[in-house]
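Quick look at what TrEMBL annotates:
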type     : residues                                                   : note
BINDING  : 32, 37, 88, 124, 157, 268, 335                             : NAD(+) binding site
BINDING  : 154, 155, 156, 157, 209, 254, 255, 256, 257, 258, 262, 328 : substrate binding site
ACT_SITE : 265                                                        : active site, nucleophile
DOMAIN   : 321-422                                                    : domain 'UDP-glucose/GDP-mannose dehydrogenase C-terminal'
Ligand code: NAD
């Protein structure tokens, strides 16, 4: 049977999920309460940057298989399977996740349902949320059978299309064989493509997502903690990471020391996980995550400190070029961006900061309007006393340091991502500083 699918919340996750569901052959209706986003998506334009997404979106909007709406009424009448992809940001001034968007989606959708439905949560939520929502759905007493499943999403921004069509695993948190069967049917092409499935209860599914993100964050902070030791001992953290990473039990991925993690997921998921553990009386289990977070936040100050050192502790009258604004390459997402955080701190010290990013300029301008934004790398580096490499875009890695040296006032580079080719830069006359690579 071919199910009709809705995707509620069409941001980075939902827009990608909607286009990929259409690619799998389903008729899909995306729902978002932001009319500008809906209009853009209906025109086949992705309102953010995600490689490979726009052609896929356009293909399926043009074929008529994919549409977007602001109407829950339309969604309720259309869908058999409703994917919940709304945001769960960190609450202002707290560690806990803001669940108001998830709750609102359930309140708005469920009373309107006129067809038997499976609601599938994909947003990252505190453990216990799915159980709570299942109770709420029962209270709302929809006139048709409605079930809830939780299938957390593991896609990476920048690789989201590939990750959605060929995920390294699917996790189905379900309460019935019927829900599992339905999910297996919806994801049949993905499962046939070789993605393994873990079927479990709600809590395990919810924990799978925050558990994975906490592990990745811990790995990053671990190597960054070692970078601090490298700075005090003269060791080189990139060689150290190679030495550790050859051990298959450890692995080399996520052992790149530098400016630390950011974005709309890892930092807030870690904090929400700690907050939830506290609510459950299990705070002690996750106290180590406080340290993971603290190590990560120290990296930003570390780059500022190295910059101060390079500038001889003189900020006034100094020009600082910042290469990168996105929280990582291949996205325009600047949520909790370490690069912009560093740019902002340096700006507050009184230096003239000029930022360039291949894709994230509009978002950066909106969120940090007081910084100067350059037209190009060359423009950002014009007359700079130090260049900070803060987002590891390929474009930055391919720069010719000999050419760039002619633009700057003094050829100082701080490689916050430890991925520029140090010998090449030094040969071109640059003073190169990495992190944990003294
Ligand atoms: P986002 O802010 O880009 O998108 C959320 C969208 O939901 C927005 O377009 C917003 O307008 C819409 N929305 C919010 N409440 C709504 C409502 N009640 N009804 C209709 N639309 C509503 O966020 P995102 O990055 O796509 O993340 C969404 C969720 O997915 C979060 O829980 C996040 O942690 C999780 N997640 C994201 C990614 C990712 O790559 N971004 C990966 C895995 C998991």
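Just so it is clear, glycine is given a Cβ too, placed from its N, Cα and C backbone atoms.
Cα-Cα distance from residue 37 (NAD(+) binding site) to residue 265 (active site, nucleophile): 21 Å (rounded to the nearest whole number). Following the DSSP three-state reduction, the secondary structure of residue 209 (substrate binding site) is helix. Checked against ligand 1, the recorded positions 124, 157, 265, 335 give 124, 157, 265 as the ones with a Cβ under 6 Å from it, listed in sequence order. Residue counts for the domain 'UDP-glucose/GDP-mannose dehydrogenase C-terminal' (321-422) by DSSP state, with H, G and I taken as helix and E and B as strand, are 34 helix, 18 strand, 50 coil. Checking Cα-Cα distances from residue 335 (NAD(+) binding site) against the recorded positions (209, 255, 265) with a 10 Å cut-off leaves 265, in sequence order. Ranking the binding-site residues 32, 157 by how many Cβ atoms sit within 10 Å of each one's Cβ puts 157 at the top. When the recorded positions 32, 88, 265 are compared by Cα distance to residue 255 (substrate binding site), the shortest distance belongs to 265. Long-range C-beta contacts of residue 156 (substrate binding site), restricted to its own chain and to partners at least six residues apart, with a cutoff below 8 Å, comprise 163. Put simply, residue 209 (substrate binding site) is 7 Å from residue 124 (NAD(+) binding site) when counted between their Cα atoms. The Cβ of residue 268 (NAD(+) binding site) lies under 8 Å from the Cβ of 88, 89, 90, 97, 336, each on the same chain and at least six residues away in sequence.
The binding-site residues recorded for this entry are 32, 154, 257, and the Cα of 154 lies nearest to that of the residue listed as 'active site, nucleophile'. Of the recorded residues, residue 262 (substrate binding site) and residue 32 (NAD(+) binding site) place their C-alpha atoms 25 Å from one another. Each residue contributes its Cα atom, and for residue 209 (substrate binding site) and residue 32 (NAD(+) binding site) these two points are 23 Å apart.
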